[in-house]
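Straight from Swiss-Prot, the features:
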type	residues	note
SITE	N138	site 'Transition state stabilizer'
ACT_SITE	E239	active site, proton acceptor
ACT_SITE	C273	active site, nucleophile
Amino acid sequence: MSSTLTCYCPGDGSLLGEVKLFNKSDIDQSIILAEEAQKEWKSTSFAERRNFLKALKENIIRNQDKYAEIACKDTGKTLVDAAFGEILVTLEKINWTLANGEQSLRPTKRPNSLLTSYKGGYVKYEPLGVIAALVSWNYPLHNALGPIISALFAGNAIVVKGSELTAWSTHQYCEMVRSLLQSMGHSPELVQCITCLPDVADHLTSHSGIKHITFIGSQPIAKLVAASAAKQLTPLCLELGGKDPCILTDDHRLEEILSIVMRGVFQSAGQNCIGIERIIALDGVYDTIITKLYNRISTMRLGMYTQNDVDMGAMVSNNRFDHLESLIQDAVSKGARLVYGGHRFQHPKYPKGNYFLPTLLVDATNEMKIAQEECFAPIALVFRAKSPEHALEIANGTEFGLGASVFGRDKQLCQYFTDNLETGMVAVNDFGAFYLLQMPFGGCKKSGYGRFAGYEGLRGICNSKAIAYDRFSAIHTGIPPAVDYPIPDSQKAWQFVRGLMGTVYGAWISLVPNVYQLWRNS
């Protein structure tokens with residue numbers, strides 16, 4: 001078996017280079033190096049960690065052309081796609097962590113009660129040690145740097161396993177972080193970047209040195225990761241697929257909204273976990289929306305990031321083209337209308353590129369396979385809803401529950417959808433705004449569990465240690481004689497405890513008899 005992985009550009013098929021494939025021994029060594037580095041890093045102050053993030057932010061801004069081009073070469077996306085999906089979101093995450101990270105991880109006081117009035121309590125958020133992030137290929141810079149930012153700020157070290165499909169770029173981004181750490185006097189071994197094939201990946205996910213795993217990917221692989229992690233009872237955050245609905249209720253600001261919808265569908269050629277997979281339009285605007293979508297989609301230009309006249313790039317691989325075409329034909333056979341696209345595209349300039357035509361498929365229903373599977377492709381799938389209730393039924397009619405978006409002038413109607421959508425996130429009159437806001441990111445149903453980003457994400461990669469203490473030096477917990485071992489009289493002990501419960505938790509009208517019972521049996 002080869003010890004290296006050969007990487008190609010999906011936009012034109014050109015050779016990018018080779019990346020080392022790790023074996024089990026390599027993984028063991030990476031974790032040992034990370035463990036040693038973390039022992040020192042966990043003692044750094046929040047100010048020191050902020051200094052590193054500020055330097056990382058400056059590095060990204062200064063080299064954004066270079067980093068965007070690396071992402072484009074390895075994924076086939078356009079520069080605009082890289083700007084939105086790689087650079088902007090990473091800088092926003094850094095900014096949020098700089099402003100809110102310390103507050104997220106400061107010890108938090110917890111309330112007491114009448115019974116515990118002499119006690120104080122707080123929760124301390126401690127580093128776990130070495131954590132792992134197994135990330136998908138659609139956003140190699142952001143998917144690698146996002147977990148690194150959180151891990152390092154929380155005092156952890158991290159092992160990043162990128163996808164084999166984008167190993168070339170993931171390796172470069174991680175090396176950039178390692179070099180930056182070293183230049184600031186910190187150990188570069190805090191960040192380990194590994195590439196391995198599935199038969200070796202199990203060694204990482206079942207490794208006793210890994211204290212938490214974040215996985216971004218598909219359901220089938222998530223089940224393997226979860227089973228592997230269970231060998232060590234390693235906690236998981238699973239961010240899986242979505243079939244995110246976009247509900248259009250009226251024609252208010254329709255042209256502006258369709259611009260947002262187009263970005264939500266075709267960003268990175270539709271390879272976006274929170275991308276719009278289903279457009280659900282109410283009867284009154286359905287036909288208008290189809291016409292306007294066709295006018296836009298039919299003029300989209302495909303090509304490489306180096307072109308000036310390109311709207312959409314290649315897909316990262318052509319290994320799903322047969323299945324995508326099959327899903328579209330299945331839908332057509334069941335009553336859907338293929339208005340535009342629907343098949344792979346042989347680019348005249350880049351015949352070895354992985355291009356799929358932007359597609360408009362309308363009159364979809366939940367009975368079609370394409371309505372139930374995540375496409376992860378440039379497909380605008382449109383459903384007609386007879387009523388708000390019908391729109392909600394369509395939206396909730398899949399096994400997924402990641403994100404959703406709702407557009408409309410009627411705030412009460414938008415709130416109806418927000419309250420009843422079975423998803424982890426909803427954007428009202430916008431697409432994906434919850435991500436930029438650094439809110440807890442994740443889904444429900446079969447879109448995974450756990451959250452990253454926000455307060456919840458940072459605390460999720462820490463040990464939440466609950467600490468109770470005496471508020472007053474002269475007041476301590478004491479065991480009343482009636483219940484102290486050896487218990488003198490079990491019946492009187494029971495009556496004593498019963499009186500205590502009534503005194504502390506009972507209605508005020510029964511306070512006197514409960515206090516009497518407590519005194520009598522003490």
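In case you wondered, yes, glycine gets a Cβ from its N, Cα and C as well.
Features recorded in Swiss-Prot, as mapped to the structure shown.
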residue: N138; record: site 'Transition state stabilizer'; DSSP class: coil
residue: E239; record: active site, proton acceptor; DSSP class: strand
residue: C273; record: active site, nucleophile; DSSP class: coil
(message) Suppose we draw a 10 Å sphere around the Cβ of N138 (site 'Transition state stabilizer'). How many other Cβ atoms does it contain, all chains included?
(response) 27
(request) Measure from the CA atom of C273 (active site, nucleophile) to the CA atom of E239 (active site, proton acceptor) and give the result in Å, rounded to a whole number. (result) 9
(request) Whole-number Å only: compute the distance from the Cα of C273 (active site, nucleophile) to the Cα of N138 (site 'Transition state stabilizer'). (result) 9
(request) Measure the Cβ-based neighbour count of the residue listed as 'active site, proton acceptor', defined as the other Cβ atoms within 10 Å of its Cβ. (result) 27
